[in-house]
Amino acid sequence: MTKKEKKSFNQSLAEWKRFIYNPTSGEFLGRTAKSWGLMVFPKPLSALEYTFSASDPSSYRGYIEDLRKFLKPYTLEEQKNLTVCPDGILSEQKGPVYVACQFPIFLLQACSGMSDPDFGYSQGSPCVLVKMNRIIGLKPEGTPRIECIPKDENVASISTYPNNGIIDLKYFPYYGKKLHVGYLQPLVAAQVIFSANSTKKEVTVECKIDGSPNLKNQDDRDKFLGRVAFKIIARA
Amino acid sequence: MGFGGKKGTVSPSERNPSPRPKRRPKPIQKRKLKRKNVEELKQEVVLDDHRLTLEQLSAKYSVDLSRGHTPERAKGLLIQNGPNVLTPPPTTPEWVKFCKQLFGGFSLLLWTGAILCFVAYGIQLYFNEDPSKDNLYLGIVLAAVVIITGCFSYYQEAKSSKIMESFKNMVPQRALVIRGGEKMQILVKDVVLGDLVEVKGGDRIPADLRLISSQGCKVDNSSLTGESEPQSRSPDFTHENPLETRNICFFSTNCVEGTARGIVIATGDSTVMGRIASLTSGLAVGQTPIAAEIEHFIRLITMMALFFGVTFFGLSLILGYGWLEAVIFLIGIIVANVPEGLLATVTVCLTLTAKRMARKNCLVKNLEAVETLGSTSTICSDKTGTLTQNRMTVAHLWFDKTVYEADTSEEQIGKTFAKGSDTWSVLARIAGLCNRADFKTNQEHLPIAKRSTTGDASESALLKFIEQTYSSVTEMREKSPKVAEIPFNSTNKYQVSIHLREDSSQTHVLMMKGAPERILEFCSTFLLNGQEYPMDEEMAAAFQNAYLELGGLGERVLGFCFLNLPSMYAKGFPFNTDEINFSMDHLCFVGLISMIDPPRAAVPDAVSKCRSAGIKVIMVTGDHPITAKAIAKGVGIISEGSETAEDIAARLRIPVTQVDTRAVKAIVVHGSELKDMNSQQLDHILKNHTEIVFARTSPQQKLIIVEGCQRLGAIVAVTGDGVNDSPALKKADIGIAMGITGSDVSKQAADMILLDDNFASIVTGVEEGRLIFDNLKKSIAYTLTSNIPEITPFLMFVVLSIPLPLGTVTILCIDLGTDMVPAISLAYESAESDIMKRLPRNPKTENLVNNRLIGMAYGQIGMIQALAGFFTYFVILAENGFKPFDLLGIRLDWDDRFLNDLEDSYGQQWTYEQRKVVEFTCHTAFFISIVVVQWADLIICKTRRNSVFQQGMKNKVLIFGILEETFLAALLSYTPGMDLALRMYPLRIAWWFCAVPYSILIFIYDEIRKLIIRQRPGGWLERETYY
């Protein structure tokens, strides 16, 4: 009996110790290290739902304008002062001047708005941009990428641009608004392509960060920590 | 109009109305009727049966004076008039008592808060799909606080009333009646009007009786009139006043000795005792001072809440919020002003004091009465038993032409007198032998003074005195057996006994004691130092002087003399006491012994403490003016050197009417004078005399005196033990009954019970009451202060549109968590100065909570605390990337659940949940900051005038309180899982220190304020900030 009690006491003591400093996650007093939040564009008005009709341009005009506006800093014109950075490595800098890396908009391919100014909405295959929240000093490990999966694969398939939803490490770390002038956060576009044989044109898509051990994509409370879910409803 | 006559006309259904058919009488009518009855009951007892001759009496009640009622008639009368019992006062049902706890005073404020919360939640629920549940939870918590506190105080009071019930004597009483010529024992409740009743020593009188015959009957009327002396009773009509005449015995008084027969002239509620009992239950009881204070406090708080609420309601409308939001804000602000924890704090503080008082022999029946004693400005005290020891004791002796003082203290220490004189031994032998009192058996282990005796009070006093100062009375009686005696009666006023002499002379000695003037008539010689001298003028004058002197002390004086009977009456002589066949003149005078019911030892000190505490002590007694005045002088109610108009007149040899009344501070008012006074005259007496004794007062007059004092604005405490005191006890602001000698009725009517019957315990009670009033002030000041750092976050949230700095959960953690123990610990704070040296508080001007207290708590200390909280809040947000100026106006974006990339001052982007974690961390930090600044607040609230360095930190509970609140705060912040349960997050250690400078600031700020108050008494700062 006493032994059992002692054990439980030791257990709870261990819990407290782990609480005060958790060596595996580097948490001190339960404070979580920072993680990306994911956010999608265009920003819908209410819950994350995009409703449009391919045959009615007025139903998606708002989305297109929003996307254009958001992509404005990404035009080649705007980026010409930015640095072309080597792929695949972190752009750690010591200052005093911090340079920002180019994010060429063509990486977004079909969703870049260059070939298709309607971002696929007029074809019934809408583009949604996924971006990561800026966090100062965050250095992702491994090869982070955004993976988007439709809830029902029979209804639709997703194409991500850049290919495989890769996020290049060269855009990290971020040094803050004042120091890191002109910084562009990397984007991933997800294009929803409804199956031709499916009558139902409605799908929920979940995108999350993958391939990086220090970036969480699962939090009970925060539905936007390393992931985002949105719904596309295409009317006739 | 006589009792009996009236009763004949009342039908049973009217006398004892069954409640069912008249279930809903019109309430107004009922109240009017009740008031009329009470006024009627306040009138003096009107009774004329004592004036009737026996024939008239027999006719009036149609009863045979030797055979009594026939059993059939008695049965009929019983059915007609109902049983001979007092209608118990309408007891409040338990659920009503419980509801009073739930909905009285302070609770109402919290209920209002709770209801407002539910309304706000309802509005939010109606217009918003997913409203924050904060208002719902707050409402539930408020309701829970009221219910739990209500249960607690109900439980506390139920415990006191249980003690009360244990006092009740449950043994059914029996009475001896003669019906149809046969004696029978029946239950007292079956006694009917006109019954022929026989009582003997030790019986309780079963109803109001008109005596038709008696043998040496004496009754103890103390519970009715307050006279400690047993009164003799006989069939003679001796006084117009039914309370004074000898031929009436009263229900529930006791027959001490002798036997008597009488006719029942009133039963149950129509007896004199019954009338007093009904008068008591019919009296309306006023509000306790603390209840009035709490009402005043609630008014202030409500005004503050409405002021804040309406101001910010207007402001939020101007700022462009919608009506609905503004209403939610309004409710939120009003509710935030409710001090959730204060109800519990006040209840616990009062309970703690009640417990402390109970340890000092003051049992408090009603929690609120705890403080009432502290506000008391007048004490109307009974004499017998409260101020005095309620036992006759030998006080003075006079022999050998000298007055000797006997020891009257409870412990019998000190004083001695000339025991060497031969006169003394003669006197002692007479006192011991010519004495019918005896010790009851089996009490040898008790000290003599504590032993109980048979016989009347004076004889018992003599018996104990002789046993203590001379020798064993039992031995004395064995050696000189009594051969004959003439018992005391009121016509003779003496008592004679004849004993065999101790020496072997086989002759007898006649001993006599009695009223001194009667004794002197029998004497022709007197004893001086053991030698017999013939009586002369000088001795007669000395006797007169001594008699007057002792009588003037209010003492009961007895004279003693003896005669050695000649040998013709030697052993075997048949003494006949009915037709006296022996010589009974030319006796030898020995001395005088005087007795008094002496004051309790602690009383004079207690009275002088009351006086220095500005409390007027008025003696109200049924006893005679001379005795009352003597005791009043003895205990200091009439202080040394103080004279009544009569004293001055006697000293200056002028008529009383010529005495300058302005110079007279002391007065003894006789009940018969009081009877003819109107209320202006009574007010005049009460206002213009500081030392007042009311003697020979009736129960109704006691009530009038209490009302008079209350009319003059005094808060009146009344002590009493008898049934006669209960109307006054009930009417008083605080009625104090005696635990040992008190009657059940008086205990029922009282708010407080002195378990040791000692007046000095009242003084302790006053001290505790005053202390708790001071400490409640401090406690409330402490609790209210944190209201400002609790409200301002919400106000800033509305006005500046910043993220909410402090949430509902954390506010509740302060009000019902960390603030509780420290606030209660202030109840243990010792007094700053001698609280018994200042005047009683003026209930009109000195409030528990006044504008200055609110001004200090809200306007000054609270504001500094709010600054501390906001400072911490801005530090944490800035450390997380949100600079203060970027926060202004951020509220809508901040609280937008779908905005998951809110940008901070550094360009970082935050999801909703991440922001909320920071926000809740801020709530936690704001909460911790309040705890830190409350440390300082607690220390400054310890004193209102003195420096903490003068007061010291001796209050261990307070130190525990500081540690406890700190530990609790840390626990709430750091326990794993708190982020899920209460949304409280662990803080960096550095964030604890943000508020420390403010804590120091509060301490220094208030120390300086108090320093200036001390240095400039009555100055501006004191007038503006001393609460």
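Backbone N, Cα and C atoms are what each Cβ position is placed from, and that goes for glycine too.
Model, not experiment: these values are computed from the prediction.
Look at TrEMBL and you will find B:20-34 tagged as compositional bias 'Basic residues'. Residues or ranges marked as compositional bias 'Polar residues' by TrEMBL: B:220-235. Annotation comment: TrEMBL describes B:48-122 as domain 'Cation-transporting P-type ATPase N-terminal'. Marked as region 'Disordered' by TrEMBL: B:1-34, B:220-240. The feature transmembrane segment is assigned by TrEMBL to B:102-124, B:136-155, B:297-321, B:327-350, B:853-876, B:917-936, B:957-977, B:989-1006.
Helix, strand and coil counts from DSSP across the domain 'Cation-transporting P-type ATPase N-terminal' (B:48-122) read 48 helix, 2 strand, 25 coil.
Listed stretches B:136-155, B:853-876, B:957-977 were compared with the transmembrane segment (B:297-321); the greatest number of C-beta pairs under 8 angstroms is found for B:853-876. When Cβ-Cβ distances under 8 Å to the transmembrane segment (B:917-936) are tallied for each of B:102-124, B:327-350, B:853-876, B:957-977, the top count falls to B:853-876. Beyond the transmembrane segment (B:136-155), the same-chain residues lying 6 or more positions past its ends with a Cβ under 8 Å from any Cβ of the stretch are 97-98, 101-102, 107, 110-111, 113-118, 121, 335, 338, 340-341, 343-344, 347-348, 351, 367, 808-809, 812, 816.
Packing against the transmembrane segment (B:989-1006) from elsewhere in the chain are residues 860-861, 864-865, 867-869, 871-872, 875-876, 925, 928-930, 932-933, 935-937, 939-940: each is 6 or more residues past its ends and has a CB under 8 Å from a CB in it. In this model, the domain 'Cation-transporting P-type ATPase N-terminal' (B:48-122) carries an average pLDDT of 84.
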